[in-house]
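Residues or ranges marked as FAD binding site by TrEMBL: A:LEU22, A:LEU58, A:TRP351, A:GLY358, A:ILE359, A:ILE360. Annotated NADP(+) binding site per TrEMBL: A:GLN130, A:GLY131, A:ASN132, A:VAL133, A:ARG174, A:ARG175, A:GLU186, A:GLY358, in sequence order.
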Amino acid sequence: MLKKHQGAEVDIVDRLPTPYGLVRSGVAPDHPETKIVTNQFSRVAQNERCSFIGNVSLGSSVSFTELREMYHVVVLAYGAESDRALGIPGEDLAGIHSAREFVWWYNGHPDCRYWSPDLKSTDTAVILGQGNVALDVARILLRPAAELATTDIASHALAALEESSIRKVYLVGRRGPVQAACTAKELREVLGIKDLHINIQEADLVKTPADEEELKNNRIHRRVYELLSKAAMSGPSHCYTGQRELHFVFFRNPDRFLDSDDRSGHVAGVRFEKTILKESAGSGKQVAVGTGQFEDLESRLVLKSIGYKSVPVDGLPFDANKGIVPNIGGRVLIDSSGDHAQIEGVYVCGWLKRGPTGIIATNLYCAEETIASISEDLETVLASATSLPKPGREGLLRLLESRNVKVIPFNAWEKIDIEEKRLGSLKNKPRDKLTTWGELLKVAL
Amino acid sequence: MYITKFSRLGAHMIKGLTRDCASSARFSGCQFSVDILFGYVVDKHRFFSSTAAGNAHEGGDEDKEKISVTFVDKDGEEKQIKVPIGMSMLEAAHENDIELEGACEGSLACSTCHVIVMDMEYYNKLEDPTDEENDMLDLAFGLTETSRLGCQVIAKPELDGLRLALPAATRNFAVDGYKPKPH
């Protein structure tokens, strides 16, 4: 936006006192290369026409309607901060968590500082899902903690992982190795963990003609399948006592969670229904269908990695079914039915626009599309009677001050940044994240 | 003429050795040879200035250590730049204000510097992409048979005349509902 419109001023409003969204709270600590993009984000935030306004929550600090009144254009880009549910019996039992919570926990998100998985009373963890988040979680559970000690992993998570008794991790998918949702980089990484026993049932690798067809058209799936086959063939068949194990389990759909015998309300295992693949009419894709055969897997720790979900905000149209804001090319629509009436001056971008998939580059293109829509509409927006001069940044800051909201500008975040790096240097880490709201605000203000 | 041939030879030697190292990483002599070669490359100027090539060619020498590369942007506009031997296309693009993203700054952790080599003949002159580069290319938009990451394409004499398209033109198809703007 800054590049395309030399007259534009852009304020980035964030509910956290820290910028960079998922790069800070989602990207795994042992992926420092991926985080380099924050250099680029910082340059944007330091542009004189751009301001970072942290610690401001949409809905409680300022409403969506108020933002619309104060700015010509509002772009919603608050991502997906909740989780999809399986909707099966027993989902509320203790010991069942979302992968997002686990990721926020090891990444030091202040909302998960006092959340903590029990890694000491069991040796087995079941992860439901086989996407990249599932692989991240598996890798963090299985990598020697000493290797994580020099990353920016949250110190509370490192301490828990150092004492972890988890030795076996099951990654369970509804479909087969041809349909696995992960990418080659993440898979290669988890398969390459030192001294890790990999278990893949060779029978699961058998391909049907429909599988062959799917692979022909999908380079990622082809390369993922090759890696899985290679791992299945090459690994030693026996593992020694105490060795860490990673089991890829295919063709299993979670049916219910099992309570412990003493009815303590703690999960004791998962019942899976075996599945086969059937072509879904018209889509050309294969879906998992139950076979009526069941199988239990014992585990006192279950992490659901079946997708993130966006949360609605008061006054903003929301498609609860898809978990996104209804839009065409980033233009927010009044509702998700056939009517394509647009809400003037309101746009959406990123996971809130497309759903929770894709990488940094995906969001780059996604943003370009939204900016193209804004550019096309801009003349109309500026000419419209309702858009007389808007108070913009000044108006927002005045309102926030009157509500006693402590704003964290970019230079206050830089104080947090410096402090985290200083604390990190004492522990041979690139940074030691501040992980409570109290600490973050104290250092920044 | 002599100088050109010589520097080409150097590049071929580097290429050969790199390949050697990759295939026999545990061979201890490998690191040693690279060191020698590196010393040779660094000392090249001194070497030439004390031989028949003489000082007179020094200006020309500098030009010969650069190759010409053309970037074609999403509107089909061409920009020809000179790229020093050894520099990546990502760095070269940035030094010349060509809009090629580089979110991970060349650390092979993203696909934003995706470029398309426009001639198969040139594509074949490049080393095959590594598994790590392929992992990132998997995720690139508008992937073609001759796609590479700009950070992994390093200028060498045989690439003189290389033409690279920015895949921006394919962005239109990347996201549903995008309407190209008339110009």
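Heads up, the Cβ atoms here are built off N, Cα and C, so glycines get one too.
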In whole Å, how far does the CA atom of A:TRP351 (FAD binding site) lie from that of A:VAL133 (NADP(+) binding site)? 15
Work through the binding-site residues one by one (A:GLY131, A:ASN132, A:ARG175) and name whichever has its CA nearest to the CA of A:LEU22 (FAD binding site). A:ASN132
Compare the Cα of A:ARG174 (NADP(+) binding site) against each of the binding-site residues A:LEU58, A:GLY358, A:ILE359, A:ILE360 and report the nearest. A:GLY358
How big is the NADP(+) site in terms of the longest C-alpha to C-alpha distance among A:GLN130, A:GLY131, A:ASN132, A:VAL133, A:ARG174, A:ARG175, A:GLU186, A:GLY358, in angstrom? 21
Listed in sequence order, which of the binding-site residues A:LEU22, A:GLN130, A:ARG174, A:ARG175, A:GLY358, A:ILE359 sit with a CB under 8 A of chain B? A:ILE359
Measuring CA to CA, name the entry from the binding-site residues A:LEU58, A:GLY358, A:ILE359, A:ILE360 that ends up nearest A:ARG175 (NADP(+) binding site). A:GLY358
Starting from the Cβ of A:ASN132 (NADP(+) binding site), draw a 10 Å sphere and report how many other Cβ atoms land inside it. 18
Could you tally the C-beta atoms, other than its own, that fall within 10 angstroms of the C-beta of A:GLY358 (FAD binding site)? 15
Distance from A:GLY358 (FAD binding site) back to A:GLY131 (NADP(+) binding site), taken between C-alpha atoms, in Å: 11
Students should find that the Cα atoms of A:GLY358 (FAD binding site) and A:ASN132 (NADP(+) binding site) sit apart, in Å rounded to an integer, by 10
Going by C-alpha distance, which of the binding-site residues A:LEU58, A:ILE359, A:ILE360 is nearest to A:VAL133 (NADP(+) binding site)? A:ILE359
Distance from A:GLN130 (NADP(+) binding site) back to A:LEU58 (FAD binding site), taken between C-alpha atoms, in Å: 33
Hey, how far is A:ILE359 (FAD binding site) from A:GLU186 (NADP(+) binding site), Cα to Cα, in Å? 13
Its Cβ having more other Cβ atoms within 10 Å than any other among the binding-site residues A:LEU22, A:LEU58, A:VAL133, A:ILE359, A:ILE360, the winner is A:VAL133
Take the C-alpha atoms of A:GLN130 (NADP(+) binding site) and A:ILE360 (FAD binding site) and report the distance between them in angstrom, rounded. 20
A:ARG174 (NADP(+) binding site) -> DSSP, reduced to three states, gives coil
Other CB atoms within 10 A, centred on A:GLU186 (NADP(+) binding site): 21
